[in-house]
Amino acid sequence: HENTGLQSQPPPEEQNYGATAAHVRQSPFASVSRTAPAKNEYLIAAVLCYANLINFMDWFIVPGILLDIQKYFKLSDGGTGLLQTVFILCYMLAAPIFGYLGDRYNRKIILGAGIFFWSSVTLGSSFINELYYWIFFLLRGLVGIGTASYSTIAPTIIADLFEEGKRTTMLSIFYIFIPVGSGLGYVLAAGMADATGDWHWAFRVTPCMGGAALVLLILLVPHRTQRRTAAHRALSISGTIQVAAEKPGVHRTAKTTWCQDVISLAKNWSFVWSSLGLTAMAFVTGALGVWVPVFLYRAQVVQGIVPPCLHESCNSSNSLIFGGITIGTGILGVIAGAEAARRLRKINNKADPLICATSMFISALCLYIALMVAQTNILSTFIFIALGELFLSVNWAVVTDILLYVVTPRRQSTAIALQILVSHLLGDAGSPYLIGTISHAIQDKNARSFQWSFWSMQYSFIVCSFIGVCGGAFFLLTSFYIEEDRKEAER
């Protein structure tokens, strides 16, 4: 454990849980006060947020034009779901590798290489014709490897740039770009397909944005970003930079192997249960992100609102609307989650996991209602899908904040990488394929019709509501261990 040896543990009523610490105490060893974050630290955070925007735009370009891609490559529902599964599988398998590298090597170089790689591969995927669908699948997998380098390392840089009082705010801003980027991915894909009449053009915009992000990264981010140990952070909470740094153990931490780090994290029950809760979130968001526009289209065909697209280019309005919903609910959800956590931590040290559990339960209920009303009222379906997405988005920054204060800093990149691996392996790596496979199986057992095409998707989506309830239960279990694991990480 990282023990500063500089100050005693505060009494329970004064302990701070979460990144928005309410109490600031002066250390008897104080000599120099730390100033507020410098402008260049905010510039670095802005570059990281911009790259995160592009990252998630690339994730959701395919779902934004899924009907066109499905028709172009002549894919079944199962094959279409597999397209996103290949992307997520490569992403999650690469994450632990980049977590290991991020804890030990220069993070700026890793980030720059990742941005260049995924932007180049995305551009290359825009030139594939219908005879080489397997190459398109392969390139989507390679994009996943590139984005893994970014998602694993960028949050740890933000955590090192800002003290506890600012960290939740900055992480909230960073994670707002998950839903914003996801929504813009839908909008970009649908908009480019409509404007050019060719869905391939949707993959030619984000590589240009990625090039700009790479230039900004090179110019504005220092070659070496400072890593703060637990001692640094404990001293920073006291508002000081210690002369006592000369004391043994303050700046140095014991070297541990990757296996030792993994074993330690496996014994951290707050990390384990919150990671499983995040897995349930990933399962639901992955399935919704890929299939909701298709589900809405099939509901509208059954209701006679839109004609089926058999030969002409498919209507992109659902992708545009769903993209707008994703952006709006994402921004509101992340802000609401961070604000709720900030307020409730003052009265309950278990507020973070309880917020996550409550939002998962409400989201599961909203999504179930959306499924049930889809055949009769498309407006109500949009409303309840929006509410379901809103409550899912509440958890993004809060879950990451839980990880950052229950895991000691020297293991955070590894912890994030493992969380990515588990949440995607058991979550959104399989959920689009599972939903598509269930839908395809139901269609095969019944007469081919637009009605059964809709029902098959409706029945398969019920799995998401069940998984959402399981996610709420996992966050409830997290609340039983959160206080003890926070104290352990602080020591």
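Using the three backbone atoms N, Cα and C, a Cβ is placed for every residue, glycine included.
Pulled from TrEMBL, these are the features on record:
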type     : residues : note
DOMAIN   : 44-486   : domain 'Major facilitator superfamily (MFS) profile'
TRANSMEM : 42-62    : transmembrane segment
TRANSMEM : 82-102   : transmembrane segment
TRANSMEM : 109-128  : transmembrane segment
TRANSMEM : 134-158  : transmembrane segment
TRANSMEM : 170-189  : transmembrane segment
TRANSMEM : 201-221  : transmembrane segment
TRANSMEM : 271-292  : transmembrane segment
TRANSMEM : 320-341  : transmembrane segment
TRANSMEM : 353-373  : transmembrane segment
TRANSMEM : 379-404  : transmembrane segment
TRANSMEM : 416-439  : transmembrane segment
TRANSMEM : 459-482  : transmembrane segment
Paired segments the transmembrane segment (170-189) and the transmembrane segment (416-439) in contact, 3+ CB pairs under 8 A: no
Proximity verdict for the transmembrane segment (42-62) and the transmembrane segment (109-128), three or more C-beta pairs under 8 Å: yes
Recorded stretches the transmembrane segment (416-439) and the transmembrane segment (82-102) touching, at least 3 CB pairs under 8 Å: yes
Beyond the flanks of the transmembrane segment (353-373) by at least 6 residues, Cβ under 8 Å: 270, 273-274, 277, 280-281, 284, 288, 337, 340-341, 344, 380-381, 383-385, 387-392, 394-395, 398-399, 402, 458, 461-462, 464-469, 471-473, 475-476, 478-479, 482
Annotated stretches the transmembrane segment (379-404) and the transmembrane segment (82-102) touching (3 or more Cβ pairs under 8 Å): no
Long-range neighbours of the transmembrane segment (82-102), counting only residues six or more past its ends (CB under 8 A): 59, 62-63, 69, 75, 110, 114, 136-138, 140-145, 147-149, 151-153, 156, 258, 286, 289-290, 413-418, 420-421, 423-425, 428-430, 432-433, 436
Listed stretch, out of 109-128, 134-158, 459-482, that has the most CB pairs under 8 angstroms to the transmembrane segment (271-292): 459-482
